[in-house]
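Written below as structure tokens is the structure these notes are about.
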Amino acid sequence: MADKLFINALKKKFEESPEEKKTTFYTLGGWKQSERKTEFVNAGKEVAAKRGIPQYNPDIGTPLGQRVLMPYQVSTTDTFVEGDDLHFVNNAAMQQMWDDIRRTVIVGLNHAHAVIEKRLGKEVTPETITHYLETVNHAMPGAAVVQEHMVETHPALVADSYVKVFTGNDEIADEIDPAFVIDINKQFPEDQAETLKAEVGDGIWQVVRIPTIVSRTCDGATTSRWSAMQIGMSMISAYKQAAGEAATGDFAYAAKHAEVIHMGTYLPVRRARGENEPGGVPFGYLADICQSSRVNYEDPVRVSLDVVATGAMLYDQIWLGSYMSGGVGFTQYATAAYTDNILDDFTYFGKEYVEDKYGLCEAPNTMDTVLDVASEVTFYGLEQYEEYPALLEDQFGGSQRAAVVAAAAGCSTAFATANAQTGLSGWYLSMYLHKEQHSRLGFYGYDLQDQCGASNVFSIRGDEGLPLELRGPNYPNYAMNVGHQGEYAGISQAPHAARGDAFVFNPLVKIAFADDNLVFDFTNVRGEFAKGALREFEPAGERALITPAK
């Protein structure tokens, strides 16, 4: 590689040359060096004056700005933003990304159609399917179809709610109104489309998006219930059933249970979360939700690191950072994986090393390959921190560096072997090497899972091993260590990106998010984060329509 991908960011962040070994502290103007902190101070004064209770005051506690309050370049973009703008509370795009996942459920029409034809003796045709879809798109946002005197939601408040379908049968898809169809042929490259259609076959699946405002007011588990209620009512209306007849129970079962795919599984009671909450989203599902693989299919690094960014934000910033810990500092761990092109630089190095020595997906799936590739990439990453002190200051936390170096090592190993388990083994080896070199990895407890994880990479036992694609945030030992889960999701994606696979874990999930009507663009995750940081992203679920005009 010629120029380091992170050099431009370092030059923008610091006055000194990236190679300079000395700098100054305490003379930088404190929080006033930051436009965003200054804005916060002024806003805090206004809030305090209005409510009569003191609010934001950065002079309380540890003084801010003793060192450079550096901007961050969102990787793959030319956008530099302040760190505060990458906190999910301050970033509408990040909020919408999670909203669009949480409010989605996939529901089959196959069982329902069998009930209609076999129990009720009625015919199901493309025309009746289109009529049903017209009905359910009226009902899903919160409108009535079979009852009188029902209150309804304002269409403008729930404009993001709709239902589409997809099928692997081109003839059926062509007969349904295209407004309601996710066109696999249009959305995916030809080879990916053929694979996905073969997986789906003649089945017809609904992709339901309930209103953002509903999932925000309630929770993820509401999604399937809201969906099932409107689907049931729409079936009764579209196929002219009597609401109380026995077949209605079959429709309810199909819509609520039989053919329902949640984006996240139910969590144990000690975590107290239902379906479609972050802790239940498997790494392989998150990789399929991210859509980079259908537009950047010739660049496995880009594809894998877009998944890392998706997971770093969801798992680290929202799940561990707020659901689980209630803190604010977790953003700093997550941003290390998707800013300043550092992880990109390390991973492109690894990909080129693999290509030159083995060829993508051509290396033996052995520990010798793990030892070779993961060691090479780890040493490269550690050398960059030694050579460029500004890089060390950029990622000032040991856990940031450990996550980034290990992610590059894991993805690169997966590129070589076309196997996520060997990629995971490369991650753990990188952690051991890093600790040998620097004597520590991160804050106390950061490396808990890294000290014991290697023992269950290749053993698939009850609570001690799963293919990485099937693991998730609630996997044993993964549950409370920041700076891991997004990277694991990226390593899940890496072998599939190197092979050019159409999906990672579930083809239905991959297709469901290949949808141009989604508010968040899952083909360009990091670009959307940048738009959110610049306050240029327009989210759904806003309440301005029902609040006083200002």
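In case you wondered, yes, glycine gets a Cβ from its N, Cα and C as well.
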Checklist outcome for this item: coenzyme B site partner of Lys256, His257, Arg270 according to Swiss-Prot, chosen from Arg225, Arg302, is Arg225
Checklist outcome for this item: Counting across all protein chains, other CB atoms within 10 angstroms of the CB of His257 (coenzyme B binding site) number 11
Checklist entry - Relative to the Cβ of Gly445 (1-thioglycine), which residues of the same chain, six or more apart in sequence, are found under 8 Å away? => result Met480, Asn481
Item to check | His257 (coenzyme B binding site) versus Asp450 ((Z)-2,3-didehydroaspartate) - Cα distance in angstrom | outcome: 37
Checklist entry - Listed recorded positions are Gln147, Arg271, Tyr333; which of them have CA atoms within 10 A of the CA of His257 (coenzyme B binding site)? => result none
